[in-house]
Amino acid sequence: MISRRTLLGGSLAAVATAGGLSGCATVTRSTDIAALNRPVALPTYKRFDGPKPDLPRSHPLMPDCFYRFPDRPVRTTDGSPGDGSDISGTAPTSNPIPPTADRNPYWQELNRRLGSPLALTISSAADYPNKFATSVAGDTLGDLFNVDSAFAYLPQFLEARAQDLTEYLSGDAILDYPFLANLSTESWRGCVYSGGIRAVPIQRGVMSTDLLLARQDILDKLGVELGSPDLDELVKVARTVTDEKKKRWAFAVPPRWALSAMLGLPRDWEVRDGRLVHSWELPEHKEMLVITQQMASDGLIHPDGVAKHNQKVWFSQGSAVMTQDTYSSIQSFYRRSVVKEFAITIPVVRNAAGKTGRVLLGKPNNSIAAIKPSSPERTKMLLGVLNWMAAPFGTEEYLFRKFGQAGRHYTLNGTDPVLTEAGQSEVCLGEFPIQYLADGGYPVYFPGHPEAVDMAYAHLEAVLPTAVLPSTYGLYSPTESTKGKVFTSRMDALTKDIQLGRAKPAAWDEAVADWRKSGGDAIRHEYEEAMSAQGRK
Amino acid sequence: MTTTNLQRPVRAPGRSQGIEDNPAIPVRVIKGVVLVLCCVVVIVPFIGVISTSIASQAHVTNSGGFVLWPDGINLDSYRTIFNGGVVLRALGVSFVITIGGTLISLVGSTMLAYALSRPGSFGQRPMLMIVLFSLLFSPGLIPNYLVVKQFGLLDSLLALILPTAISGFNVIILRAFFMGIPDSVVDSARIDGAGDFRIFWSIVLPLSRAVLAVIGLFYAVGYWNAFFSAMLYISDTAKWPLQLVLRTYVVNNTELSSGDLGGAGADQLPPQESIQMAILVVSLVPILIVYPFLQRHFAKGMLTGAVKG
């Protein structure tokens, strides 16, 4: 029964919206770029002394590569990180939503191991921004929450609503949390706002790099050699494999990232001649649009590939011979495969000079996760929980986190865990949403497919020496934060129009001029100021 | 004896040939072609959805994920989703919300509309203004969320019903309909000793079956299709309605696991696209079944309510 007091409170709740955000009154002004980008001593990186990778780490950015799960994984923590009190959280997921804790033995065991009951609000990743915004307003994010990186005025939000973790994590202080200390320095840059460490990274490293993936089994069947193609060779292969009558197209989507590597384009911003330039401004970007338009008009791209992105399905089913996705997607493609001979290859693309195309590495982090402002004791406890969730590959904690309990959730194929039916559902295909609150570094490990590990390793070895990290990662631009999404969707819409032949490539110049005037130049200026503030220039 | 005037009505001078006249054959053909095309545009996606849901794995694969005409009937997708698990549970939740919500909405809306249709009712003018105000201004996402939270309705199915229980538009339609009921009927009942509730229940509602059917359908379709409020207010996935499941697994293309589908063996799972399309069909069928039964009331219910004000 709703009491009179509740009724009155509910009626007044709408009026209280502004009041709920009153904490923002003391945060950094959005015009103070230097203060918003003030650096802080990043956490000390200390590599966890875990199982030795099966392949050597030939480059500092090379992830650990494993053919199979280490035999007899060791438990590396004592006791439980929790203190018995309830812990709540909010996280997105791109995987099946798990059954609720009362119907989920994995979740119940997770609570037992954490030493505190964990209540999670889970939304699908596509809906997460809406859920996040309303949860911010309603103050229902909980103790631990994944942060929507596109949330406007993010530094100010984190200042007001997230615990400043600097004193707990900066420098050597992080060594109290050895699994968090095992996360790369580059990934911590994305957690610093307004001169403080405000979150922990959900690190993906180079595994989130966008690449051209090809169906080796289909190429073999057709007797086509893809090799290490330049633009002409790629188009030639595309023409050979495309057969509209058999409903088979070369590309699931316009191969933007392969073309960017061939043409030497940056992902977005890049310092050239001492000045930041955006990919959109470069003549090669327009060239890329013309190339993809030609590919689309020649019927080399899946008919729905420009307008609608369902590339995972088309690639898995063989309607598209090549697609664009990440190293970490490889396992999901093997899982979705509908033919036994399914095999993927990642071609090392070459530029016009015949050299390895410069690959644009993905952002170091998938996202970041923050802690609600709490007492020092509770903050330490919550950091302990996040540390537990970041246990690295090869540990017993990792095995439980990703695969659940032996027998019920997984069986062993050699030393590789294979999810059972209950495991698929209760552990969400091995990606239970706590992985969006904290996670260890992603290894190159595709259980049951050691050949895919070799293939990914060979590709990484070839491209890492010339690959580039996003140059503005860890920098904050207020204009980008408030208007960036609109600019991106506008330019994306024009890109599609050009690729579909609904707009002329010449329209691009006008759009870029408009973008520069309405905010692009301001973003450039803010990023340059931010770089100065962080001493990156 | 009655006679029938077979003479064609004389067209007013200067008036162009209207749709009530018998058009020339080419015009009829063009109209026919256009109407057939419109029907095809509407029907083909439906056929595709149904075909994909009953197609075999090989056919779905060869057709790039969307089958226009199946090579046989394979009901594995339907067996899988009705095997228990997330879809069946969500279907149950959707029925509860739709039936419960429609009843609450109809009771609330008819009582409000009747009160607003009777001049001299207590607070009639200000209440009418509030209803009209709600047509012009909506409260917005965040204030709505805060109100739901403050009432303690987060994670409750009532959060999917109460905030949208009364639609200003539907109240106005109902009010207009009720105003069309002659005062003499109401006055006669009153002379016979009936009170307000008796008049409402025994006189007004039986006379308003057409508009109640239409408004009931409006509410039912609204509750059946609602996913956004569930996404915002419901954290417990066991309380998700079918449309949110549909959005998660079909629109957002989230992978379904065998456990989500009631424990069908992973090896025997039909193709993902067939399961997605089967969920889509399941979400369409209840409304498709109800619609024809209420269609006959549509013209009367809508027009009577719409043209009086």
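In case you wondered, yes, glycine gets a Cβ from its N, Cα and C as well.
The transmembrane segment feature in TrEMBL is assigned to B:33-55 (among others).
Taken from TrEMBL, the feature transmembrane segment applies to B:86-115 (among others).
For B:91-290, the entry in TrEMBL reads domain 'ABC transmembrane type-1'.
Marked as transmembrane segment by TrEMBL: B:127-146 (among others).
Long-range neighbours of the transmembrane segment (B:158-178) within the same chain, counting only residues 6 or more positions beyond its ends whose Cβ lies under 8 Å from a Cβ of the stretch, are 97, 100-101, 104-105, 108-110, 112-114, 116-118, 131-132, 134-135, 144, 147-148, 151, 204, 208, 211, 214-215, 218-219, 222-223, 226, 229-230, 233-234, 241, 301-302, 304-309. The transmembrane segment feature in TrEMBL is assigned to B:158-178 (among others).
According to TrEMBL, the feature transmembrane segment maps to B:199-221 (among others).
According to TrEMBL, the transmembrane segment annotation covers B:275-294 (among others). Residues of the same chain lying 6 or more positions beyond the ends of the transmembrane segment (B:275-294) and with a Cβ under 8 Å from any Cβ of it are 49-50, 52-53, 77-78, 80-81, 87, 91, 94-95, 98, 213-214, 216-217, 220-221, 224, 242-243, 245-246, 249-250, 256, 261, 269.
Beyond the ends of the transmembrane segment (B:86-115), by six or more residues, the same chain brings 121, 124, 127, 131, 157, 160-162, 164-167, 170-172, 174-175, 177-178, 200, 204-205, 208, 212, 215-216, 219-220, 223-224, 226, 237-245, 256, 260-262, 279, 282-283, 286 to within a C-beta distance below 8 angstroms of the stretch. Long-range contacts of the transmembrane segment (B:33-55) within the same chain: residues 63, 65-75, 77-78, 273-274, 277-278, 280-281, each at least 6 residues beyond the stretch ends and with a Cβ under 8 Å from a Cβ of the stretch.
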